[in-house]
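Novice: My questions all concern the structure below.
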Amino acid sequence: MATSFTNFSYERFMRNMGQKLEPSVRYHLSKVYACLTATCAAATVGSLIHLKGIWEAGMLSGLIALGLVLGLIFNPDNGKNFNMRLGLLLGFGAFTGHALGLLLEQVIYVNPAIVVTALVGTTTIFTSLSAAAVLAKRGSYLFLGGILLSVLNAMALISLGNLLFRSYFVHELNLYVGLAVMSGFVLFDTQMIMEKHRLGSNDCIAHSLDLFYDVIGIFRRLLVILTQKEQNNQRKKRND
């Protein structure tokens, strides 16, 4: 019964996507998601390099990642530099994952199962929202861009202020609002990618980079939220 329902849902999704999207948009999205998958795989390898103790992450990892993303920005797509830009993207993914290894190490110390839960949660959130954006009415989520950027700016200011007050409530609010904002960006970025392609942009590298930021943002916040909950549960058990 569950298998037939899954097949039905998948077939309906593919049929709806075929009806709503032009062939060129579908092809472009397939390249974007392929690049995104490869970048996430590179990030996984980078994290494992830190966790296995081969090369521990530090400030250098972040600086290299910054240098690689700047390389992408200052080397825009010209139709001939795909391989070079793909290498920069994968390198950025690897060093982003390497830097993320510091957080993963702390999470694993609390409970290794949190990493799996965060991965499943991130995959579910991204897949669901990206599919919703693809199947939604054209441009229906583009209005979110200004709202999400405004919320991000407000969160940044509040975080700076909280360096003085160190409010636990503000910290928690930032985490949950940040998770909602990054989830909203999945909707916005997916539809923006489609519109950019319709206007002539075929830069699947830059487009997959936008979605990679969303995926990493969701994953980081889920890791922190789930770890805090696990630590609170452990404290309650010790007190009982």
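Each residue, glycine too, has its Cβ placed from N, Cα and C.
I grabbed these lines from TrEMBL:
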TRANSMEM  32-51  transmembrane segment
TRANSMEM  57-74  transmembrane segment
TRANSMEM  86-104  transmembrane segment
TRANSMEM  110-134  transmembrane segment
TRANSMEM  141-161  transmembrane segment
TRANSMEM  173-190  transmembrane segment
Novice: For the transmembrane segment (141-161), could you work out the same-chain residues 6 or more beyond its ends whose Cβ comes under 8 Å from its Cβ atoms?
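Specialist: Answer is 133, 170, 173-174, 177-178, 181, 184-185, 187-188, 190-192, 195.
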Novice: Output the single range from 32-51, 86-104, 173-190 maximising the number of Cβ pairs under 8 Å to the transmembrane segment (110-134).
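Specialist: Answer, by Cβ pair count: 173-190.
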